[in-house]
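Attaching a single structure in structure tokens format; questions to follow.
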Amino acid sequence: MSGHGQPIPMTARPGHPLNGVANVPGDKSISHRSLILGALSVGETRVTGLLEGEDVLDTAKAMRAFGAQVERQNGTWVVHGVGVGGFAEPSDVIDCGNSGTGVRLIMGCMATSPITATFTGDASLRGRPMGRVTDPLSLFGAQSFGRQGGRLPMTVVGAREPVPVRYALPVPSAQVKSAILLAGLNAPGETVVIEKEATRDHTERMLAGFGAEVRVEDGAEGRVITLVGQPELRAQTITVPRDPSSAAFPVCAGIVVPGSDVLVPNIGLNPTRAGLFTTLREMGADLSYENLRDEGGEPVADLRARFGGNLKGLEVPPERAASMIDEYPILSVVAAFAEGPTVMRGVKELRVKESDRIDAMAKLLRAAGVEVEEGPDWWIVHGRGADGVGGGAVAESRLDHRIAMSGLILGMAARKGMSVDDGSPIATSFPIFEALMRDLGADLSRG
Ligand code: S3P
């Protein structure tokens, strides 16, 4: 859990080109889902390549608290599930640390069982809205009692006799979609979720892989996902692919740090996740997809990022937002080193992530000498060109891993470097970030 230990101030300094191979950890979204679906299956699920970051380890603990066995055996995670509807009532509060994905998905999968659980998290997670999940869960018959504004700590009383639900998502959120589908597992009949904009589709794909009947249709209302309830999920063997959202950091560092040439192998280019890479190429970044191949039905490539120095600002198409929602902080850093403005619209979800990411990055960039304009659901970064960013400030990372990493990547290319007040949240999603960036040649230190 982040935010419970001592803050770790960190500083990155310029003048060190990045070269070499960056093997980033497993995908955070798929790691959470592997443990959760393993816990809801009958038999032994084996997972290799699991992200061993704090967020996912908190989900492993939670699955144990609901009665599943979860163990690490020689680098493989082994889950003995309790089956759909088999969750036991936890004997203590479930602490999901920093993880919105963890808490929202787990609320979903216990909400249609006759058990009660109380959830909490760190200061960041306790500030985030849970009503977006508990509203649809109440339609199944679950009840929830939280703090004002639907904040944690919160107790969820699962439905004794759940009914299936048909729900159109009011916000583009894979977490909300997934919570509903996981709740639908233990409801009789068909649960339907409709999304106007496609968000990451790992839950649908993995539910089908575990043996559930899932239909996905494109209709006039949007993407319609139908799950047939009360399946028997069958244990699976899973190899977690590497995380494109973690790959984003060494890729963007390679693009903005002069003299760099970085290879980031085996990155999934699932269209619901790859919006950043498309945007970087449109900005004129020297980013190539090497060894492009198909793995398990999804496109995968080795990403090669080289410094080119002639990036151009652009307007990011708002309909692309869901496919790069976690990547706007690091995109804004690349935008600072581009010529001209980069305009990002339709991004109000950024205000309810681990921090208000528009506000956090606007303050960080302004402290580094970059002009930023912002509104409720848009922001504009006025680029200063390849060698125009001053840096030389200490930014607040606000218990947000992606703000901390973005500040440090900026420091690797800014004239006077950049510090963050606390790098400890990086361990939630990318525990090897510091070692990996140093191996590439970065001047990254604590203090
Ligand atoms: C995630 C969904 C996204 C994303 C988060 C992971 C998931 O959140 O920001 O890092 O695994 O479903 P939202 O669903 O709130 O957009």
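Backbone N, Cα and C define each Cβ position, glycine as well.
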TrEMBL has LYS28, GLY100, ARG128, GLN175, ARG357 down as binding phosphoenolpyruvate; which of ARG215, ARG223, ARG320, ARG402 does it also list for that site?
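According to TrEMBL, the candidate sharing the phosphoenolpyruvate site with LYS28, GLY100, ARG128, GLN175, ARG357 is ARG402.
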What range among 1-24, 289-312 does TrEMBL record as region 'Disordered'?
1-24
Among the binding-site residues LYS28, ARG33, ARG128, ARG357, ARG402, which residue has the fewest other Cβ atoms within 10 Å of its own Cβ?
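Ranked by other Cβ atoms within 10 Å, the binding-site residues LYS28, ARG33, ARG128, ARG357, ARG402 bottom out at ARG128.
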When the Cα-Cα distance from ARG128 (phosphoenolpyruvate binding site) is computed for each of the binding-site residues SER29, ARG33, ASP326, LYS353, which gives the smallest value?
LYS353
Taking the Cα of ASP326 (3-phosphoshikimate binding site) as the centre, which of the binding-site residues listed as LYS28, GLY100, GLN175, ARG402 lie within 10 Å of it?
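Those near ASP326 (3-phosphoshikimate binding site) - Cα within 10 Å - are ARG402, in sequence order.
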Provide, as an integer number of angstrom, the distance between the C-alpha atoms of GLY100 (phosphoenolpyruvate binding site) and LYS353 (3-phosphoshikimate binding site).
8
With every protein chain in view, how many other Cβ atoms are within 10 Å of the Cβ of LYS353 (3-phosphoshikimate binding site)?
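Around LYS353 (3-phosphoshikimate binding site), other Cβ atoms within 10 Å: 20.
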